[in-house]
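Below: the structure, in C-alpha cells.
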Amino acid sequence: MVSVGTQSHSGRDQAEQNPSVENVRYDWQLDEALAIYNLPLLELIGRANSVHRRYHDAGHLQKSSLLSIKTGGCPEDCGYCSQSAHHDVELTREKLMNPTAVIGLAAKAKKAGAERFCMGAAWRKVRDGKEFDAVLEMIRGVRALDMEACVTLGMVNEDQARRLAEAGLTAYNHNLDTGPAYYPQIVSTHSYQDRLETLAKIRDAGIALCTGGIIGLGESPRDRVEMLVVLAGMNPHPESVPVNMLVPIEGTPLADADPVDPLEIVRMIATARLMMPQSMVRLSAGRSTLSRETQILCLVAGANSIFYGNVLLTTPNADMAADDALLEALGVTAE
C-alpha cells in the first residue's frame, strides 16, 4: 500500500481525484514517520490539511470539558504531574466528588457548548467498591445529558472495563505520554507495558481509546515520533489522540524543563493526522501558552478538538472568551 508520506505522483493524483482512496495504515516504520515529522513545515502542514479535509469536516471543531473528580494523592511518580504524592506541590487534595455535583457541572458544560465531558481521578488503578460505583453513576448521568463521556482513572481489569462499557462510557483516556525508550525517564512506578495492557482491556470491552502524549518532557523528536508509531500500529487506530504541551509545575521534577518551540506541537499534530487520518486529534493541555496564530496552525494541521474551560484538572487552560473570539474569527462551528 502506498503511504501518505511517500506516495508517488500517480498515487497523489489518484487520491486527489477519489476522496475515498484508502490511506489508513497500521505498518508505519520509525524512519518513515521521522521523515514525515521532519518535512519542511509548510509542506507538512499542507499534506496534513489535505488528509484532514478528506476524512473530517474542517469547518467543525469539537469542544470538550475536563473535570478533576478526585484531586491529588496519586501514588504514581509521573515527573510532570502535580497530583503525584511523590512531589512537593501546593495542591489541595480533594476526595471523590458527589455524582450529583458532577452531573450538574456536566449540564453546565453542555449549556456552554461542550459535546464531550471528561472526568479524571488521581488514582493508580480502579478499586471496586463505593467510589467506582459512584464513577459509574457519573457516567450514566453524563450520557443521559446526550453528551459523550470520557474518564481517566488509571489501570483497570477486564471486569471493570466491562462495567464501564455497560454504564455507557464513550471513551477511556490512558496516555502513553512519550515513546517507550524514553518512558522510564518520566515514571518508575509503572511500565509502558502496563499502559498498553490497560488500553487492550479497554478496547476488548468495546470502549473507544483516547491516548496520546506530552511534548516538552525532555524527550527527543525521535521519542515523540516513536510514540506515534506505537499508536498508529494499533488496529483500529485510537478514536482520540490528545497532543499536550508540558505545563511546568513548581515542585515537580520537570518544573525547570527547557521550553519547546511551539511549532513542534504543530509538527506533532500534523504527523499524527497523516499517520492516523480517521482519529480525532485533540489540541489539549498547554494550549494557553500558545499564541493565537500557533493555535490556528494546529487547527489547519489537523487538530479537530479543544478543551473548553478555564482549568484542565489542575492546570490553566485558554480563556473561554478568547476561544469564542478565535472560533468566530475562523468561522468554524464548535460543539
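Using the three backbone atoms N, Cα and C, a Cβ is placed for every residue, glycine included.
According to Swiss-Prot, the residue from Cys150, Cys298 that belongs to the [2Fe-2S] cluster site alongside Cys118, Cys210, Arg282 is Cys150. Same-chain residues that are not part of Cys118, Cys150, Cys210, Arg282 yet have a Cβ within 8 Å of the Cβ center of the [2Fe-2S] cluster site turn out to be Ser64, Leu66, Arg116, Thr152, Ala171, Asn173, Ser240, Pro242. Taking a C-beta cut-off of under 8 Å and a sequence gap of six or more, Cys118 ([2Fe-2S] cluster binding site) has these contacts in its own chain: Ser64, Ser65, Leu66, Leu67, Ala149, Cys150, Val151, Thr152, Asn173, Phe307.
Rounded to the nearest whole angstrom, the C-alpha distance between Cys78 ([4Fe-4S] cluster binding site) and Cys210 ([2Fe-2S] cluster binding site) is 19.
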